[in-house]
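Colleague: Starting off with a structure, shown below.
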């Protein structure tokens, strides 16, 4: 019916309906947007599950929080939570990122309760990614923690400037807020023996807990399984994980943004050997990030997720007599746990041992203890349990037979013939295979669609005569570029770094990076060249590089010499350590140019960058700078140390080091 045929009353009523509807709709839209701006929107991040309510519901009184970057702190937390039952207590290991940590003050509502913190320090004294929010909360809160019992074990490395900064701060801050320290702060040193430090602390910690709460050890030492095996005999293989870290089939259907749970499969477009001679293999690899929407800056790290050697995986399967293609899930026996599986499940044993589990490193003592129950030879069982103990004899045996001999799990299975563990329990015990981080050797200004890696292949013969191959570097080496069009891919994402060029291009930069430590500086020099091309005033760009022989491993020699000829690289100083009788390292060249360096640092606002080995090189470079400040600047040693500490605080002395 046309509108002209509607009678006047009907037309008026229709108009009123439309008006009222429009008014109501307008008010609803206004209310929705106004409400959205003034009221918080409920999401899991804003209002996490209450760990207090969870503890009450499951009758637990010990919560062990972990700040973990590589999985070690998480592993230690699980061990402490497991230990609790031996003392008549009930524990749970927990990621602080998953809970509202401002509830910590409510822990006193649970009788005889305690919070333990296993806190790793990462980077330049920073908390780990998963502990950052908890760390921020500690810094900003004035909550009263009176009645909250706590203990802290810190994981660090003495080769780094800020040894155990996060553990120290957590222990100090919880006490300042009124918490009651049940046992002294423990500090583990990964430069020595982190696990040994943890065991020594733990052996004193539990007696102190017993005394504090008036409880006694139950004497139960039996192995407790955390996960149960489920075998999937009839399952759609589209529901089975094949190496993905998070979303199932994320490798088949790639969707940004990419991070540690959603990896981008970057095609390898270049894989070339950098060194001209010698018995090592140094390589330059380029990853194509064209379709990823991934952005990076010079100085960032690329995280790559390697896979274990297929031959080693097969040998483990053969040794244990298992069908590696059996589809399984390991299901947490604690139904309330947030961690449902130790790795993505369902999966095959082959996938777990290839993509998810660390089978190449030496097993920790707790793994040996748990596996010892599966030996049929009494002598082998005694030795395994001895190595897992804290006795001087056991420590010495573990050091020589496992650590010094570099026996991985396959070597242990081969050298202990009576050891026959169920493969599912072995998979439960082995730690997760970790990402490898490489300093990016390119600038996004020059290479926006690719990320470059510089690495040395790790391979050598161990004391037992076995050939040791580094997992990631050998896997990368084999990602050869072929002419048939097939491109190997690398699962990766970019991790942001504080290792940055100065905001002002006119500031001089002094870069010290021997060996593969040159990687970020290739990116820095590329960026300084780009800035120069843009007509910017670029300050002095000085590089101190070190290698063994000029004719063998002078990495990026052609590129660096071209940058020097173009005036981008103001000075190229190279220490060839083995081209003469006495060894020459980068620190010797620094001392040789001490007057110029002191002027750049003290008068010209130069920024210093150090990349490479933390244990020796970074320390020696530190010492060289102290001596320059003393000899040229007239400072005392104490003043020199303080001077460079202040440069670090100001962001003018940056390190990207590893041990």
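Using N, Cα and C of the backbone, Cβ positions are placed for all residues, glycine too.
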Colleague: Suppose you had to name the range TrEMBL annotates as transmembrane segment; which of 12-33, 34-55 would you pick?
Modeller: 12-33
Colleague: Going by Cα-Cα distance, which of the binding-site residues (454, 470, 472, 583, 585) sits nearest to residue 160 (FMN binding site)?
Modeller: 585
Colleague: In the domain 'Flavodoxin-like' (62-206), how many residues does DSSP call helix, how many strand, and how many coil?
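Modeller: Helix, strand, coil within the domain 'Flavodoxin-like' (62-206): 65 helix, 36 strand, 44 coil.
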Colleague: Are there any residues in the same chain, six or more apart in sequence, whose C-beta is under 8 angstroms from the C-beta of residue 577 (NADP(+) binding site), and if so which?
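Modeller: Set apart from residue 577 (NADP(+) binding site) by at least 6 residues yet with Cβ under 8 Å, we have 546, 547, 548, 583, 584, 585.
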Colleague: Given the binding-site residues 71, 123, 157, state which is nearest to residue 472 (FAD binding site) when distance is taken between Cα atoms.
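Modeller: Nearest in space to residue 472 (FAD binding site), counting only the binding-site residues, is 71.
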Colleague: Provide the number of Cβ atoms within 10 Å of the Cβ of residue 583 (NADP(+) binding site), excluding the reference atom itself.
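Modeller: For residue 583 (NADP(+) binding site), the 10 Å Cβ neighbour count is 12.
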Colleague: Could you state, as a whole number of Å, the largest distance between Cα atoms of any two of 280, 516, 577, 578, 583, 584, 585, 586, 587, 620, the listed NADP(+) binders?
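Modeller: Between the outermost Cα atoms of 280, 516, 577, 578, 583, 584, 585, 586, 587, 620, the distance is 24 Å.
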Colleague: Write down the Cα-Cα distance for residue 658 (FAD binding site) and residue 120 (FMN binding site), rounded and given in Å.
Modeller: 15
